[in-house]
């Protein structure tokens, strides 16, 4: 419960990172504002989840709907903190894993909302992932860094071939982080899930006339989803593949 409550507070700060990093704004100075009327929010309007419920999901001034993103990020972070706290075997693993989790949350929502993956979050997550791998053994560390580099080279080649239309440079950097975090065969599961879910969502958006076949869709969120699926359900997916092959 303590970690979940802490996660709610951290989630509120992650929302600041999500909205300010892609726009190049300071994450330290400046008060949070309504997305619509730009009214600075007072302290009681910034309480994680509770403020959203008390305000009925609307700005207290312009009465326009507030984005569900804020409560969603806070809720996901709270659940993630509680889960990581439950499975972590040491304080070091706990802290490093939480850093990676926060990085991935910011990357997911920043890319989905602005189609920008903040370099600072990729760097922070990558450093934490490297230190995590080092906790296992030197051979594991070396192999995971190699896997991360290979993933970046593969995605870099895709970026060159498609001239940036298939994916962005942010994705090229992100897969290094995921390669180091997951290793083999986890990264294979993550990429499979990412490409599969990306294709399904893309088709749905086209059928719903939200996008055309020529429109770009942020791929970072699907890579993050793939990574989380691999971390939680890798064993089940691999066993399923073995049963049908």
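Every residue, even glycine, has its Cβ placed from backbone N, Cα and C.
Annotated domain 'Prepilin peptidase A24 N-terminal' per TrEMBL: 6-84, in sequence order.
Residues or ranges marked as domain 'Prepilin type IV endopeptidase peptidase' in TrEMBL: 98-203.
What TrEMBL records for 42-59 (among others) is transmembrane segment.
Taken from TrEMBL, the feature transmembrane segment applies to 116-135 (among others). Within the chain, the transmembrane segment (116-135) has long-range Cβ neighbours (under 8 A, six or more residues past its boundaries) at 17, 21-22, 92-93, 96-97, 99-100, 103-104, 106-107, 110, 141, 144-145, 148, 168, 170-171, 173-174, 176-177, 180-181, 183, 220.
Residues annotated as transmembrane segment in TrEMBL: 141-162 (among others). For the transmembrane segment (141-162), same-chain residues at least 6 beyond its ends with a Cβ under 8 Å from one of its own Cβ atoms are 126, 129-130, 133-134, 168-169, 171-173, 175-184, 187, 191.
Sequence-distant neighbours of the transmembrane segment (174-207) (same chain, 6+ residues past either end, Cβ-Cβ under 8 Å): 100, 103, 107, 117, 122, 125-126, 129-130, 132-133, 140, 143-145, 147-152, 154-155, 213, 215, 217, 219-220, 222-223, 225-227, 229-231, 234, 237-238. Marked as transmembrane segment by TrEMBL: 174-207 (among others).
With a cut-off of 8 Å between Cβ atoms, the residues of this chain six or more beyond the transmembrane segment (219-241) that come close are 104, 107-112, 117, 167-168, 170-171, 174-175, 178, 181-182, 185-187, 189-195, 197-198, 201. Feature annotation from TrEMBL assigns transmembrane segment to 219-241 (among others).
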**Item:** Helix, strand and coil counts within the domain 'Prepilin type IV endopeptidase peptidase' (98-203) (DSSP)
**Value:** 92 helix, 0 strand, 14 coil
**Request:** Could you tell me how many residues in the domain 'Prepilin peptidase A24 N-terminal' (6-84) are helical, how many are strand and how many are coil under DSSP?
**Result:** 39 helix, 4 strand, 36 coil
